[in-house]
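This structure is in C-alpha cells; I'll ask about it shortly.
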Amino acid sequence: MISEQDSAQVSTATEAAHQHAAQTPHSGWHSPAQILSWLPKTATPWQQDSAIRANFKFVEKDWLHMPNPMRTPTTKADPKITGNFTKPLYHTHSLVQPDSIYRPEYAVYRRGVAGDPVPYTIAGDSIITSVLLFCFIIASIAIAQARHFLERQLKSFFRPPREGTTVITETSNEMRFQFFLVAQTCLVLALILFISSRSMAQESLSIVHYQALGLFTGIFAAYLLVKFLLYSIVDWVFFDKKKNIQWMKAFLFIIAAEGILLFPIVLLLAYFHLSVSSASIYTLSVILIAKLLAFYKIYTIFFKHNTAILQSFLYFCALEVMPLGILWGVLMMTGSYLTTIF
C-alpha cells in the first residue's frame, strides 16, 4: 500500500513538473534548484529525485579529448590515452605524462630487503690481482735467468773485494732486473701500508683505491730517489769513486732484497687473511734487518780502515734514520688527508 501510494505521488509530482516546465518561458537547461522549486514543500526525497531525473539534462562529455589539468605548464597537449588495464601500472599512461622527468618504465620493484653491499677487498680487485701476478711472473723469470748475478751480489755483500781487485760491471739486463725489483719493493710497501691502514683504522679513502695506491707507491719511489741523490752527493764529496760504486750496488741489493722478502706477506694479507699484526711484525723485522745490513756495509766500505765507529754511526743516522723518520711523517700526514671518517 505504501509503495503504491508513493509511486502515485511521484507520478503526480512528475506530471506537475512537466506541466510547469511547459508553461515556463525558459527553454533548454534547468538547474536542480529550479526543478525542486516547482515541487510542493511536502515532496519526499524520492519525489525530488524523480523530478530531477525527468527534467535535468545531463551533458555528455568526451573525457578522452578534454585537456589534462595535471600536466606541467610547459608541455604540449596530451596524446590520446589508449591504456590497457590488463597490463601492469607502469606500462600505461598517467596524468603527468608527457612530463620529461617522469619515467615510469624505469620503475623497479624489488622483493624482500636489500642486503649490505660487499666491502672492497684486494682479493676481489682484478686490476691489483693482475699487477701482482705480473710482478710474480716477471720476478720469477728474472731470478731464473739472473741467478749468477744474485749469487755474485750476495757473495760480494758479505765478502768485500780486496784492494786492487777489478770491479765486475753488470750487464744492461742485470741492471734492468735490479731496477725492476726496486720498483716492485715500492709497490709492495704501498700495498702493505694500504691494507694495514684500512684494516686497523676502519676508514674509507676519499679518493679511488688505485689513486691511493699510486700515491703511496710514488711516495716510496720519491723516498728512494732522494736517498740515492743524498748518497751520491755526500759520497762524491768525502769518498772516492770505487767506494761509491760499491755502496750503490749494496744499497740497490738491500732494497731489492726487501721487496723479495715482503712480496709473500702481501699475498698472505690479500688472499689468505693473514692478521695485520703478524704482517706488521714481519715487515718491521725485515726493515730492521735491512737497516742493520746497511749499517754493516757503511762501516765495512767507508770506515773500516779508519776504525771510526762514531763517524759511521753519524753517517748512518744522517742518511738512513732521519730520512726514514721523515718518510713516516709524510705517510701519516698523507693518510690523514686521504681518509674520511664516517
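Heads up, residue numbers simply count up from 1 along the chain you see.
Keep in mind that glycine also has a Cβ here, set from the backbone N, Cα and C atoms.
Any TrEMBL annotation is an automated prediction that lacks curation.
According to TrEMBL, the protein has these features:
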COMPBIAS  1-11  compositional bias 'Polar residues'
COMPBIAS  12-24  compositional bias 'Low complexity'
REGION    1-29  region 'Disordered'
TRANSMEM  127-150  transmembrane segment
TRANSMEM  177-195  transmembrane segment
TRANSMEM  215-238  transmembrane segment
TRANSMEM  250-274  transmembrane segment
TRANSMEM  280-301  transmembrane segment
TRANSMEM  313-338  transmembrane segment
Short question: most Cβ pairs under 8 Å with the transmembrane segment (215-238), which of 127-150, 177-195, 313-338?
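Highest pair count goes to 313-338.
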Hey, would you say the transmembrane segment (127-150) packs against the transmembrane segment (313-338), going by three or more CB pairs under 8 A that are 6+ residues apart?
no
For the transmembrane segment (250-274), give me same-chain residues lying six or more residues beyond its boundaries with a C-beta closer than 8 angstroms to one of its C-beta atoms, as numbers and ranges.
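Hits for the transmembrane segment (250-274): 121-123, 128-129, 132, 135-136, 139, 153-154, 157, 178-179, 181-182, 184-186, 188-189, 191-192, 195, 224, 227-228, 231, 282-283, 286-287, 290, 293-294, 297, 301.
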By Cβ distance under 8 Å, which residues at least 6 away from the ends of the transmembrane segment (177-195) in the same chain are close to it?
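Long-range Cβ neighbours of the transmembrane segment (177-195): 122, 128, 131, 135, 138-139, 142, 145-146, 149, 170, 209, 212-213, 216-217, 219-221, 224, 252-253, 255-256, 258-260, 262-263, 265-266, 269-270, 276, 279, 283, 331.
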For the transmembrane segment (280-301), what are the same-chain contacts with Cβ under 8 Å, counting residues 6+ beyond its ends?
157, 160, 192, 196, 243, 246-247, 250-251, 254-255, 257-258, 261-262, 265, 309, 312-313, 315-316, 320-321, 324
